[in-house]
Each structure stands twice: as structure tokens, then as C-alpha cells.
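Worksheet: one structure, shown below.
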């Protein structure tokens, strides 16, 4: 081609249209590996796009396929340039057709072309359905550990046995066609009890009855099998535990041998051709030709492949075929075979002399519509069959006679459908197949047929389609003759993770329901990777599904997540009950207990490998049952962990140390031994502790060996596996220079590739990652408020972008998720903003071999500046930290998590930065929990009090810590001019003191319940002879309901909020001081104080004391009740009486605040404001005095009724509470409620539920 003198001319057809082709005869079968094209010499003629067809004979063409599609080659853009394409899969054929699809706009179709390849020759054997090749072994029995079997076959039959071998012990290997798919069955042996089942069956391929050559290779080593069909390899392991394939006498090709077991009868022999049959190095086809193999079953053994008589026609959505038949006949007879994936489509249409007939597919059924207009538009509908859009060949025969019609599908005469015809028909003589011509004909609602047809008969005569191809009879448009280009888009199955594939002619769809994955190909997991990720979404403790490897092969599974304050624990429970008694032992005296976790080993490993630490509690209770036989004996008991390794240490100890916890701590029952149980005492002892070496966990089996002696007893406890943290989620790196990047070696991506990571930055531009020098390059970039994702598919560049409504350089964490698969590409930002775009139909390689991956930019572009973490590609986490340690310009780890997640710390909790995350510091709040949202409260019995003392030198400073969410500030002076007191309570007890704050002077603040249950707040700050009181007279707060109180003072202004009602404002008198001097103590429930105390408090409210619940008590940043209930806190707090932790005083249900104007119980600071006008109350002749008298009488009656209700309720409460709620221990409790709390650990939950029933 390069020599102009030798390259003059070229091919250019007379007509330039879509029906031109150039056919090349290579003389014999050749293996073609490349094609080179060039335009016609010295002209404006060239071909810019083309396809290739090939065949062994000048008929039954097959299109060249690549990546599951009919491949379109990119050709030339001028007449002199040379374009070479290496074929992904070699073409094995004698004839090749070059089909132009697009050409020069300045000229016409033109091409010079060359094919590159080599000679090919193989022995071919024709199988007629009777002959079977029996290859006898050199010895009667063969015990084979390794097999290599290969062959090529070609057939038009969808059923047939290709090879079969079996042994007397039940071993077998079989390869057969079933519904035009290839099924490999292997059994390396099953035991006689049935506990080991060795049968394994794998299916591959589809539409293998297309009369084209297909290549099969079976490679087996022990239980590992590679099953390759037409370059697609499936790898699997056989079931059972045996490695050898034990065959007797022979292996047969083309069908079952005569010696086959009767149970295998009924299977059809193979009809078609085979070549290149080899079995473990022996060329079977060569042995047959040399008559070294038994072929006596063949009627006529031939060594060539006969041509098929079929002549298929391929229809696309714009195709039709027009054929002629008899006209004016009273009999209509049409039959054909078809195959398609579409459930709907028109197969045949013909106009009658008066009416019309159409045969089509409707929802996978063959339907016939006959419209006879002479009988007032009489319409006859007939249907038969179901699921006929399965890609298989199906036959249809319609026969309409004098007064009835018959429809037969797939030759099943028994299911033939008959229907009466009210009038004799008269044929029109013209028949249309495929249906596209009807796009201008409104009489038919059927859509065009997409698929293949063959064996078309009209009036019981086979249509000569070759004559149609030559233009002698009939007409057609956009059909491909002598070719069926049907493609099974579900084989191989592109739906991942068990997604179910369905298809039409043009595309496939994946049903992902029940898989735990989503997306066009079920590639993306529905769940987060760990409990840590759920916590950072603000989730609380509970049961969750996790998927540690995302789109990887490990299926999602359920775990328990414990969101502690600083740590997140992932818990896997097992099947062993606590204190399981050891009873059964085997013949060797060992009791074996299997521990299962309802997850696979791979799933457990995915947790332990990424966790910061893991632990598992084990306990062995014993009586005369030794454990490790320490110090020097062989252990009686051991446990088996990961990888089936035995371990001889126990909880509290470590690997290689044959000791229990007491042996490490030197406090065993008998100092001579390292375990309590090794003392072999007749009394119960226990060895317990945590196993913390995570590479050995979990405990999968425990073998106990000292329980057979008389008097020996043992009980075993294996706790859940608990793992803390997720290193992958926080695996991060900081990029400090726009030229810095992390380099990772090349990786292999499948057809579907997904990338996800978190980033935060203050920069507006930068490349996140890219790979260079690859035909399938990937590039992700930040450009202002836009994320860009681009990649190559074949010669086409695809780019997606997502715009963020908020700036992305806000130094907060943002998440990028990008995915591309064979159907679509998806780019998603922060789980909210996304773009989805279909990917080009061709160019998706089955495996894409990428170049090296660069995180950052290595191509001279501006790289990413900031932090990146949790980079994951196709389920594999990239270790950014380790790579950053050896890379300049990049530092391991990140800081600044609080800017993104600090909002999860509630109620004044402070966000604390950590190396691998953040935590909420609740120490200056009255709350607990990982997000400072758990109420801390307690139940007070009669006489119970909590006292919190401020030390003289620390008092002012302790109070000057201010809540981050508070609206009040505390000055640095010792005397307070501002304070905020917040708490919740519930009680039936009145009178009582709720909170009392004392001082070293006579100043104090008290919140009390008076005898009638109303709330009173008492302020004494000096300057007044009597305390300033705020009385809430119209609300009974001692009603057992939860109530919240917030009292905020700033100088003389006091703001009070009760429950969900609006804030009320009060003002201290001018004579009052504004300083609360020298705060000394906080008392809850009761006052026990020396010095001068307001006598009214003691006399009226202090006895017998508060009985009920207090919760979330806080004075500025001091939480006295929390300090009393949390043993780990060091604080000057003391408790007298019984204080039981409970949240029964938690806040009531929240409703929208009621406006002051519409609140009938709202009290202003100056007194009551009643919701009526005195002037308006006097109306038209109504006497004012009468109105006043009537009002007084109504008030008296209402008051009497209220008193009666209160008395009755009080009586029933006291009678019923002891009668219905009494529990064990009530005799030692002051009330029934206290007895329930002491005895019922679920009491807290009971209170939680009960409080939901109260509504103010």
C-alpha cells in the first residue's frame, strides 16, 4: 500500500449506497488478525466507517463482534492515509465481506485493503446424530488429577452431547448443548452417605446453534477449573472434597457411549461438525482420520462440514421484505421460523381482497388478527405460545381454509388453535415481512420486528431468498440477507452481584432488587462501608447493613453498631449461648464446639482487616476441669481462629503465652499454675478475659479436653466479636503543593469502574486523580464549584460535570462518587447532586488495563491542594497514608474534621479534633452519648439529695466555663451577675425543693413546688427584706408529667421558659442587688446545709423531700446530677440516700409554642392578663352587676369541681399505685415506684414509653 506504483486503483462500486459490499476469497480457511485500509488512489473516494462479515462458505455470514456488539471500524479520512486495526479476536474464515457504512462526502465509496494473518488447517469430523467417537484409555481405570480438553464445534441444533466420560464410583464429566447454551458438568466424587456432594454444573454462552464455529477449552487442576468459550473464561471450583477425576474405560465425543448408565438416557447426540478435538495431549480428530479410534457407530464418516440449507434474513427496526404468492385464492398458508428478544413486533402482513391478515408477537405470544370488511369489520383474534422472545428459533404456521383458520407454534400439533371464519377469504397475493413498511399504514398498531427469520413458506412453497438477494424476485429494504446477527446481551451477564438480566433487541436491563446494590448494572452498594460512616451521618447505635468493599465481591451483611462517645464498635454475634454446659465428647475425649457468626469468613476479614483493634470475650467456668494444663503440660483446651490455626492462650493473655489472665496478673487461685482452672479444684472457678490479637480473631471453634473424669464440669462463654474504628474511612493524605502527587502501580479495572473519595480544600482548582498513556484514561478534576469526570470509550471522550450550589473550597468535607459501566456513567457530589449520561455502545473492553494511577496531577496541570481520604476504586481502598510517608509534598493524615461534622455535637457539646476523626466533648453539659444527646437523670426516693460544692478557690473559675450554645455569658468576677439554670423533672410529690443554690452569704436561688403543685422561684440577692418570688399559680406541675425549666438571669432581668410555652420576662425590684455573691453549693431534692437558711424553705418545702425524677440539671457549665451519676468523673459532689439512674424526668414531647395572646394560662410579670375586655362584656341592656355575680358563682362551682377531681385522683393514685405496681423488694423501698426501679432494669424504657402518653 505504501508504494504508489503498486497501489494504483482500488475498489469503488458503481452505486454508492448502503447495499454495496466487497467479498474477499482467501482461497482456504485462514486466521486473520488485522486489517489495513486506504482510500482509492488519487481520488476523493474513501470509506470512513465499515463492518466485516465472514464465513467458511459464500453464505451464512457472521458479523465481526467485539465487546458484545456488532463492531463498527473507523476507516479513512482521506484517500492516502493508512489505518490499521488489530482484531481483538482473530477471524477464522475463508470468505470475508467488507461492508461500507459511511464514506467520503466529496466522492464515493472507495477502498484499498489488506488482511494480515496466517494459514489454518484442522481435521474436521461431521456428526450425523448417530455416530459417537469412543476414545479408549490405555488402562481400564484412569485416576486423573489434571485435564486439558479442547475442541471447536458448529451446529444448527440447540441440544446435543459434545463429550461424556464416567466412572463406576460416580465420577463423571459431561459437556452438552441445552437450549443453545453450553453446559459443563463435573463430579469428582460424592460419598455414600451423601454428606459430600460433588456435582458441579456451569453454563456458558448462548445462541450457539448459529451454524458458526465456537471454540471450547476446559482446563482442570484438582478442583480448580477454567471453562473458556469463545475467549470468555469462567473460573470455578468443583464441589466436594475430592481432587481426582476417576473415569473407566473411555471418554466419548458426539454423544453418550454404549456403556453409559441407563439413567443418562434420553439425551440427544450431537448433530454438526467438530474439529481440533484434543484430550490431555492426544489429538482425537487425527486419531479418527488414522482409524486409531472406534468409530463403528457412524453410518457414513466424513471429514468435511456440509453447508447448511438455511438462509436467514436479519431485520432491524427499519427493515421489511416483500414477497409474492398466489392471488385470488381461497386458501392462505404462511409459515416461517423466527428468533428475537423483543416481546412485540410484526412478523407478516398481507392484504386480502376485502380485509387484511397480520401475524405478530404481542407480549411474547404469536397473535393473528384477521379483519374481514364484508362482515361489518369482523375482527378475529387468535394467539398461541408464550415467552417466544427468548432468542431461540420458533416456528409459526398459519393456515386459513374455507371457513376456519389454524395457528400452530413450534410444530406442536396438539396445541394448534382453530377459529371459525364467517366468510370465505380471498388472498391479495402480496406478503410483507418485518413490518417497517407500515410506518405510513395506520391499519396496524404493531411495531417493526427486530430479529431473524428463515424457512419462509408462502402457499406451502419455500421462498427462494437467494433469488431475492440477486434481485430476481421480491423487494426488500434495510435487511441483511444470509445472516442472523442476533446478540445475547445477557451472556456474559453484565448485571453484577446477582442482578437479573433481561433484554430487548437493542439493550439490556438489570433488576437489582434483593441484591443490596443499585445502578444500571447493580454495581453500586446501597449501604455504607462501616459503622464509622453511619456515625458520621449522625446515626445512633443500632443494627445496620454494611458493605466494607463497596462494589467489590463481598456481599453486604448486618452488624450491630455501638456509637460510643469516642469510639465506634462493630459487633458480630455468634450462636453460642452464655455459660453453655460442656457435655458431649468424642472418642478421644474431646468436646468440639463450632462457633458461627451468620457471615462468611471473607466478610469477617473485611471488618478485622480495616479495624483499629478487635476484641472477643471468652470465659471458661470449671469444676475439676483443667484448661491449659499450665505451666508445662500439653493444653487440654484450645481454640481455632482465622485460617483454621490452633491457639493455646486464653482471654487476657497473648499469642505464644500459654497463660490465662490471672497468670499475667499473678493472682491465680494456685500460684503454681497460670490458670484458675488448672488448679483442678472441686469448687467452681473461672478463667475469663479478652482476646485482643485481631489477626487471630474470631473464635471459630473451641476444643475442650478435660470433661470426662468423674465430677468434671465446665461451662463456656464466647462473647461477640467487637471491632473498633475503620482505618480505611480515615485513610487520608494532605497535598501541600500543586505539583505534588501520589503514584500507584497499574491496576486492572473491569468493564464497570467506580471511584469514590472525600476531599476538603480552600483552593478553587486542581486535578484529583488521573491515569496517563492509556486508551481508557480517567480524569477527575475540581474546577471552581464544578466537579468534572472524563474518560475514554474507544475513540470517544465522555465528560460529565456536576455543579455545586455552595462553594467547594469551604474547607469542609465533600464526597465524590464516579462510576462508568457498559450502559451509563454517573457522577455524584455529596450524595445529592448528580449527572447521568449513557455511554457509547461500543468501545468497552472486557478488561481495561490502565496505566499507572496518579492521585494529584502529574501531567503539568495544577494538582489538588488540600486533604483527600477514603479513596476507593472498585471496592479496593488505596493506602494514601503509607504512600504519603515516602512522597515529598504530601503528608499523611488530615485535620479539621470539626468544620464538617461539628454540627452533630448537640446541647453545647464541644467538637474535638482527632487524628482520624472527631469526638464530642460532653463534659461541660448535662448530657451524655456520642453526640451529647442522651439525657442524664435520676430517680430520687424520700430523703435523697445531691450536693455539689464549689471550692472557695475554684468556685468562680468553675462557673466561668460557658456553654457554647448558651446565650448567657459569665464574667470573671467571683460575684455572678448572670446565670442560667436548666433542668427537667417529673413528680407527684408536693411540696418539695427541686433545686437550691446557696452562697457563703445569705444569697440564694431556689426552685420549689408548693403544696398545690405550682412552681415557685425564689431569688434572694440582698437589698430586699424578703426574697423576690415568681409564682406560676395556674399550672399544677406535680402531675407526674415531665416538665422542663429554663431560668436565665442577666442583672435584674429574669427570663423563664416552662416546657414548650413562650418565654416570660420578670424584673427584680430596683432595691435588689444584681450580684449573686460567692456561690457555695447546689442542692437537688433536699437541703442539708449549715448556716443561715431561709426558714420558709425549711419549714414549708424541705420535709419529707423530693420524690420523683430530675434530669439534665445544669447551672451554666456545671452539671451536678451528671457528676453524681458518673463514677468516672472527679467532682466535689456527694449523694445521700438512694439515687437510681433514670431518664424519667426527660423533656416532654415538643409542640409548636403557643402565642402569649392565645395562651389562657399565660402570666405577665405585672400580673394576670385575662382574655376579655371589660367594656365589651357589658352589652345592650345587660346588667353589669348581674354579670359579675354570675361570674363569681361560676368560678366557685368550677373551683369546687376541681378540688373534688384532685381529691379523687389523689385517693386513687395512692390506692392503685401500691396495688398494681408492687414488686419484690417493695418492703425495703419507700414507694412502689422505687421498688420497680430497683428490681426492673427495663424501668428506664418503661418511663420512656409512658412519657409519650402525656401531653400538656
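Keep in mind that glycine also has a Cβ here, set from the backbone N, Cα and C atoms.
What TrEMBL annotates here:
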DOMAIN    1-118  domain 'F5/8 type C'
DOMAIN    124-305  domain 'Laminin G'
DOMAIN    310-484  domain 'Laminin G'
DOMAIN    486-523  domain 'EGF-like'
DOMAIN    522-574  domain 'Fibrinogen C-terminal'
DOMAIN    731-894  domain 'Laminin G'
DISULFID  867-894  disulfide bond
DOMAIN    895-933  domain 'EGF-like'
DOMAIN    954-1144  domain 'Laminin G'
TRANSMEM  1187-1208  transmembrane segment
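Tertiary proximity for the domain 'EGF-like' (895-933) is limited to same-chain residues at least six positions away from its ends with a CB under 8 Å from its CB atoms, namely 532, 535-536, 538, 540, 563-566, 568, 612, 725, 727, 730, 732, 760, 811-813, 867, 961, 963-966, 982-983, 1112-1114, 1117, 1119, 1121-1122, 1126, 1129. Outside the domain 'EGF-like' (486-523), and at least 6 residues removed from its termini, the chain residues within Cβ reach (under 8 Å) are 65, 68-70, 181, 204-207, 210, 232, 314, 317, 339-343, 391, 450-452, 545, 547, 551, 555-556, 751-752, 754, 819, 821-824, 826. For residue 867 (disulfide bond), the number of other Cβ atoms no farther than 10 Å from its own Cβ, over all displayed protein chains, is 22. With DSSP classes pooled into helix, strand and coil, the tally for the domain 'EGF-like' (895-933) is 7 helix, 12 strand, 20 coil.
Taking DSSP states H, G and I as helix and E and B as strand, the domain 'F5/8 type C' (1-118) has 0 helix, 67 strand, 51 coil.
Across the residues of the domain 'Laminin G' (310-484), the predicted structure has a mean pLDDT of 87.
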